[in-house]
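Trainee: Sending over a structure as structure tokens; questions will come in a sec.
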Amino acid sequence: MNLHEYQAKELLKSYGLPIQEGIIAYSGDEAAAAFDKTPTDIAVIKAQVHAGGRGKAGGVKLVKTREEAKQVTDELIGKNLVTYQTDAAGQPVNFVLVAEDMYPVQTELYLGAVVDRSSRRVTFMASTEGGVEIEKVAEETPEKIFKVNIDPLVGLLPFQAREVAFKLGLEGKQINQFVKLMSGAYQAFVENDIDLLEINPLAVRENGEIVCVDGKIGIDSNALYRLPKIAALQDKSQENERELKAAEFDLNYVALEGNIGCMVNGAGLAMATMDIIKLYGGKPANFLDVGGGATKDRVVEAFKIILEDSSVEGVLINIFGGIVRCDMIAEAIIAAIKEVDVKVPVVVRLEGNNAELGAQILEESGLKLISAQGLSDAAQKIVDAVKA
């Protein structure tokens, strides 16, 4: 689950990090009132969406008067902001952050943290190349990114934070300020089950103070049950509707940009299914794992969710029966097709527990389903069916 910029900043502020202050506005009039309260002559209007690249997309603008603040806000609210991190539809802008202007600054830095799966530790990343896309820095000049792995038994140690500060070119009082900032960021990361934290830019102002000008936080969705205050911050308008619906039925669904819908049991098999679709020249429209203990109702809902995607031109159902019986899957497929007006080809591959019975049920249903023997055969048939 992602947080909005203003939510991320408030969370970081509660751990002692200095932030760019601002006020949320849901209308042009509220933005004008917020401008009057801004301590700087210039204010920054920031569209609040779950995506990076807002500046280049016109989602971040400087305003010098309350009238300008009202005009810019009215132009942003109600529109969809399209950035390099969104799909073609973009993300809806429901409100903006009216923030104080922090510029000019001495320099812009980058500070981030993730859970590194290879070391199985929280890893901090820092760079002198702040204010730009860190992915671009990692690709073109990886030597400019410093990494620090944190031992979970002892946590972030002061000498590690000081070492990062030295590499960032900080000096004097800035060293202690950065140590406090990085320590607070680590504490926030661990205590709130964060899986992604980015402060970009982390600005060094002309007076030498270090301030978080932007903040991005992603929370581990599996931990929301023990984070009620964080869970309450979820903005469902920024989430994919099909992914939200899938979560209600305990389905692991991720929307992609292809045209072949996939329904599979097991995450590994689901990834293999997407790989082989690509191998045969197709593009998967989604990742969908119905799980090892899928029920008939869940399978029906999974099928309906796939078909709600208007880009889907064909569906591949790939089931390996273990705990899940193939005959139950077959009955669920029939029920879903009868409930939903299916106008696209459907390829079904059943293997394992009661596979023969499942195939028989599908054959006797009278529905126009394409049966496949083996994973390669299934991928070839769905790709051919979509191209036909």
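Yeah, the Cβs are placed from backbone N, Cα and C, and that goes for glycine too.
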Trainee: Of the candidates N252, N259, N265, which one does Swiss-Prot list alongside G322, I323, V324 as binding substrate?
Mentor: N265
Trainee: I'd like the number of other C-beta atoms within 10 A of the C-beta of I323 (substrate binding site), please.
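Mentor: Taking all protein chains shown, I323 (substrate binding site) has 11 Cβ neighbours within 10 Å.
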Trainee: On a C-alpha basis, identify the one among N200, N265, G322, I323, V324 that is nearest to G53 (ATP binding site); the candidates are the binding-site residues.
Mentor: N200
Trainee: Using C-alpha atoms only, work out the spacing between N265 (substrate binding site) and R54 (ATP binding site) and round it to an integer in Å.
Mentor: 37
Trainee: Could you state, as a whole number of Å, the largest distance between Cα atoms of any two of N265, G322, I323, V324, the listed substrate binders?
Mentor: 10
Trainee: Among all protein chains shown, how many Cβ atoms are found within 10 Å of the Cβ of V324 (substrate binding site), not counting that one?
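Mentor: There are 23 of them.
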